[in-house]
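Enquirer: Feature list, courtesy of TrEMBL:
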- 47, 104, 105, 106, 146, 163, 164, 241, 242: substrate binding site (BINDING)
- 117, 142, 143, 215, 241, 274: Fe cation binding site (BINDING)
């Protein structure tokens, strides 16, 4: 069975790198080590939602449905249901192998199985940041929440699993891709939600903000509730790596607290690899698997509740 499925772009100079030898995340310098390709797997610029390609209509239809149906009520219900983590128990690598069945319908840049993207991302980070093993592992696992598409996880529709994410419960920023479709979302017309702060307050912290439901938030819940020892920046990357309105356009910063602002620096580092490492170059899975298994053992229990 092949099921099709997210990703979105970072401005070319937005990626940063930690100063060698340690230091806090504030001491980041521009990274010139990673060569950004000129085009995606279809020959177009990355995250070009208007480019004529065989995936253009599929991607736009995905966002139309996503923007109409991702309401505050829907997200609250999904978080309550999936936050119980009662679907199954399995290890991280078992979950990675499940993703071999999936291709992301919202991604205009690639149409290969997800395990390829995970390994491309992780290996590109590993090359440039050899001492940040937590970041290598974050690259490997950041999309594992896409198992929500699998029958044993409820076989959720694509619009409830992948794509750019955004806060629900406050006004939608116009930088959201295909913004026009939000006008058909019930929350767009709800005075409780259709203003700048909506259900939130200035500097409340993104932890207190409901994000559109999907693989990002689900994997964040799985990692957190299974007591991962990844640093907070790793969890931040997992939950917000698809939050392009924030890390590409700078929207919704009024909801961030100080910890969010520090962790965002690491998300900017990560995003370049998440987006631009997508290619048709294959990774030798068996060759790199022992290294990533050692990281999984370091940062996660052998079996996780999902």
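Numbers here mean position along the shown chain, with the first residue as 1.
From the backbone N, Cα and C atoms, a Cβ is placed for every residue, glycine too.
Just so you know, TrEMBL annotations never went through curation; they're auto-generated.
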Enquirer: Can you count the other CB atoms that lie within 10 A of the CB of residue 142 (Fe cation binding site)?
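Expert: So the Cβ neighbour count for residue 142 (Fe cation binding site) comes to 27.
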Enquirer: Expressed to the nearest Å, what is the distance separating residue 164 (substrate binding site) and residue 241 (Fe cation binding site) at their Cα atoms?
Expert: 9
Enquirer: If you measure residue 215 (Fe cation binding site) to residue 242 (substrate binding site) at Cα, how many Å is it?
Expert: 9
Enquirer: Fill in the CA-CA distance, residue 242 (substrate binding site) to residue 274 (Fe cation binding site), as an integer in Å.
Expert: 10
Enquirer: What count of other C-beta atoms do you get within 10 angstroms of the C-beta of residue 242 (substrate binding site), across all chains shown?
Expert: 29
Enquirer: Can you tell me how many other Cβ atoms are located within 10 Å of the Cβ belonging to residue 143 (Fe cation binding site)?
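Expert: Counting Cβ neighbours of residue 143 (Fe cation binding site) within 10 Å gives 28.
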Enquirer: Near the Cβ of residue 241 (Fe cation binding site), how many other Cβ atoms are there if near means within 10 Å?
Expert: 27
Enquirer: Quick check for the class: what is the C-alpha distance, in angstrom and rounded, between residue 241 (Fe cation binding site) and residue 146 (substrate binding site)?
Expert: 13
